[in-house]
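Data block below; observations after.
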Amino acid sequence: MARAKAVDFFSTKNNSSDSEEEEDKPAVDPRFVLADSDSEGEEEQEDGDEDEEEKGRTSKKKTKDFFELAGKTDDGDDEEEDEEDEEEEEEEKEKKPVKTSSTKAKTKPMTKEEIEKHNKKIAKTGVVYFSRIPPLMDPGKLRMLLQRFGIVDRIYLVPEDPKAQAVRIRHGGNRALAYTEGWAEFTKKRYAKTCASTLNGNTIGGKKGSQHYDDIMNAKYLPKFKWSDLSEQLAQETHNRQARLRTEISQATRENQTYIQSLEKSKAAERRRQRQEEEGGETEEKPAKKVHRDFYQGKTHSARAKEGKKELDGSVGSILGSVM
């Protein structure tokens, strides 16, 4: 009996401790308790999400590799450019920006290394020529269109002739400024090559509601052509235009001067005639002098005339001889 009581005592104690632990635990609503099937479904969803993420990563890698292969060219220059770009990026990371105390930073002359780097950057650039610019397209829209092929540095578009624009507006055309041709500079040659090969002879595309959806671009990559060549060409054209304007202006001034001189002479002659009329009355018009010209006939000299003269002299001499 004593043993049974002891066992009951310890069992009650354990039961009481279990009940106390259950009381300490917070009450949980059975509606929010997940069943075993729900937990298994969540685990399956997590596994599926992980698989999808891995697939997305692999697809991104594949697309990245595809675009890298599409952007690469067969030339060895592009590979060298990539290596040089990586070296330049590492050098820029190593360099730290220098803080200037003064607000106005003094411009320092470039060193030989900086000049060499600048020349290397210029040698990597590529220029694309556009023989036609779609209507209502400005440099900003063209830059947005070309940025999908690579980094665009500079863009220059030739505006329409003001006279042609006035005629177009007079006939009911759009008042917006139009452009006839243009050039775009890319930081890398491969960007320019892919841009020219993709856009040349093809529609711009994009959204069907866009105003340039069906416009066709004419693009050409200019090998061994740099932006400095374009600036020199434009400067030469402006110089020739100014020289032509100077010659036209000088010719117009000469014509005006001759017209003014002849006008002054005619006015002076008119004033002189009026003064003579006031002083001596009406001036009688003097008859114009007749010009007498004498014309003298030149003597003819020919072999036939000389032969006839000799025959005449011989016949006259024979007659005189017979008479004498």
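Every residue gets a Cβ built from N, Cα and C, even glycine.
Note that the coordinates shown come from a computational prediction; the quantities given were computed from them, not determined experimentally.
The annotation compositional bias 'Acidic residues' is assigned in Swiss-Prot to 37-53 (among others).
Here Swiss-Prot flags 64-74 (among others) as compositional bias 'Basic and acidic residues'.
What Swiss-Prot records for 75-92 (among others) is compositional bias 'Acidic residues'.
Sequence annotations record features per position, and here Swiss-Prot assigns compositional bias 'Polar residues' to 248-263.
Here Swiss-Prot flags 264-296 (among others) as compositional bias 'Basic and acidic residues'.
Under the heading compositional bias 'Basic and acidic residues', Swiss-Prot lists 304-313 (among others).
Annotation source Swiss-Prot lists domain 'RRM' at 126-216.
Taken from Swiss-Prot, the feature region 'Disordered' covers 1-116 (among others).
What Swiss-Prot lists as region 'Disordered' is 248-324 (among others).
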Quiz item: What same-chain residues lie close to the compositional bias 'Polar residues' (248-263): Cβ under 8 Å, and 6 or more beyond its ends?
Solution: none
Quiz prompt | Average pLDDT across the domain 'RRM' (126-216), rounded to a whole number | solution = 89
Quiz item: Going by DSSP, how much of the domain 'RRM' (126-216) is helix, how much is strand and how much is coil, in residues?
Solution: 28 helix, 26 strand, 37 coil
Practice problem: Take the compositional bias 'Polar residues' (248-263) and count its residues per DSSP category (helix H/G/I, strand E/B, coil), listing them in that order. | Solution: 16 helix, 0 strand, 0 coil
